[in-house]
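Enquirer: Next up is a structure, given as structure tokens.
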Amino acid sequence: MSNESLIRRDLAVVWHPCTQMKDHETLPLIPIRRGEGVWLEDFEGNRYIDAVSSWWVNIFGHANPRINDRIKTQLDTLEHVILAGFSHEPEVELAERLVAASPDGLSRCFYADNGSAAVEVALKMSFHYWLNRGHGKKTRFINISNSYHGETLGALAVGDVDLYKKTYRPLLLEPITVPGPDCFHREPGVSWEQHTREMFRHMEVALAEHADETCAVILEPLVQCAGGMRMFHPVYLELLREACDRHNVHLIADEIAVGFGRTGTLFACEQAGPDGITPDFLCLSKGLTAGYLPLSVVLTTDDVYDAFYDDYENLTAFLHSHSYTGNPLACAAALATLDIFESDDVIAANRHKARLLGEAIAPLANHPHVGDVRQHGMIAAVEMVADKSARTPYPWQERRGLRVYRHALTRESLLRPLGNVVYFMPPYVITDDQIRHLARVAAEGIDIATST
Ligand SMILES: *Cc1c(COP(=O)(O)O)cnc(C)c1O
């Protein structure tokens, strides 16, 4: 097998995700033969540092021996079994450990098999909870601007990124969309916390007006990843938890991307206030299996669980399922992931790496075409702008980020910008030297992308 022959075969039969396939007439598809640690390697021995963690899923590197071993052992024991009416050890142990590791009060795990499906579960469960409790008028959801929750119709509906959503609008539920706390839009001299607090007033107004018809508020805590790695201060979560309680509305925390250590704590919700907050629903996927196998889970409370628990004839059960719910191989990968978090003190080790990443990209703030450099833990972003003082974006048609991507490939790096936003979301096994290399490559790429 060679790069060329695999590309030819691929383009003859495959339709790739999130891709205008015509781009591949000029933009080479990159065939990957093997992965090891942060490295991806093609058939000719070219290597790339996976700075985007293969779409934000890989946290402990490719072909991690400890995760591999756990999956291999599980493979010889039980590959899959129906989870309705049946149980198996990996899914039970995983649920026990997730309940123990997640914010206090989350006591039940409902499994699904990808992030979007977890969001669908949380939306349906919240609506159904209120219905079972005699509040059938609650049928709507509140979301914040620039949010992203997945691509299936329910998840797409509660997102707010036009690029993915606009086309399908005639098919979608209509959420109540509130201007969010995105700190990119703060006035000069205003702190993240001030701006975040200020923007919360929109949420308070929406809740006061719509609580009677609203099941839940859904948001991505701290970082809106698909929305361009836009960030806000944790005080928003604290204010939101209090307001949702006061207005009798659920809070759905979509930690599919930010969970598992990305923002500096195991879950982003931990950073709110002195003791963190507990959402009514916590959606997890991506890092859950360290990027090995599709699995997602929605954690919820006794209160929610109890609202469904009744005699069958009353038809209050949550009759939702996916074929691969609680797959044992995926659960085994997740258990190995949690083992690594515990034995390697990953959160503490990441503090050093996050600081180094921040220092390495800080000089880019002075670049004439960089409007913002921002970071929450192991997610950092550099936003290119046409005009620095006004923070005017480059027209999207110019595809400046793609120029950074192309340059990075020539420098052994997989940086895949979101529009004008160059970001770093590397596996936690990245070394200090590799972090510095990525920062250099990004700086070169931004120079090239903004030079004409
Ligand atoms: C990726 C993502 C999803 C969707 O997960 P999939 O597994 O891709 O369906 C939902 N919410 C957030 C915040 C995500 O980043």
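Every residue gets a Cβ built from N, Cα and C, even glycine.
Annotation source TrEMBL lists substrate binding site at Trp55, Tyr148, Lys286, Ser321, Arg416. TrEMBL lists Gly115, Ser116, Asp254, His322, Ser323 with the feature pyridoxal 5'-phosphate binding site. Per TrEMBL, N6-(pyridoxal phosphate)lysine is recorded for Lys286.
I'd like these features described in context: how deep, what's nearby, how far apart.
Expert: In sequence order, Val52, Tyr405 are the residues near Arg416 (substrate binding site), counting only same-chain partners six or more apart with C-beta under 8 A.
Gly115 (pyridoxal 5'-phosphate binding site) falls within a helical segment according to DSSP.
According to its DSSP assignment, Lys286 (substrate binding site) is helical. Of all the Cβ atoms in the protein chains shown, 27 others lie within 10 Å of the Cβ of Lys286 (substrate binding site).
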Enquirer: Please report the three-state DSSP label of Trp55 (substrate binding site).
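Expert: DSSP assigns Trp55 (substrate binding site) to helix.
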Enquirer: Hey, how far is His322 (pyridoxal 5'-phosphate binding site) from Lys286 (substrate binding site), Cα to Cα, in Å?
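Expert: So the Cα of Lys286 (substrate binding site) lies 17 Å away from that of His322 (pyridoxal 5'-phosphate binding site).
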Enquirer: In whole Å, how far does the CA atom of Tyr148 (substrate binding site) lie from that of Ser323 (pyridoxal 5'-phosphate binding site)?
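Expert: Each residue's Cα considered, Tyr148 (substrate binding site) and Ser323 (pyridoxal 5'-phosphate binding site) end up 25 Å apart.
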Enquirer: Sort out the sequence-distant neighbours of Ser116 (pyridoxal 5'-phosphate binding site) for me: same chain, 6+ apart, CB within less than 8 Å of its CB, listed by position.
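Expert: Residues satisfying the criterion: His149, Gly150, Glu151, Thr152, Ala155.
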Enquirer: Based on the record's binding annotation for pyridoxal 5'-phosphate (Gly115, Ser116, Asp254, His322, Ser323), what whole-number value in Å is the widest Cα to Cα distance?
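Expert: Taking every pair of listed residues, the largest Cα separation comes to 22 Å.
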Enquirer: Out of these binding-site residues, Trp55, Tyr148, which one has the fewest other C-beta atoms within 10 Å of its own C-beta?
Expert: Trp55
Enquirer: Output the one of Ser321, Ser323 that, of all these binding-site residues, has the highest number of other Cβ atoms within 10 Å of its Cβ.
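Expert: Its Cβ has the most other Cβ atoms within 10 Å: Ser321.
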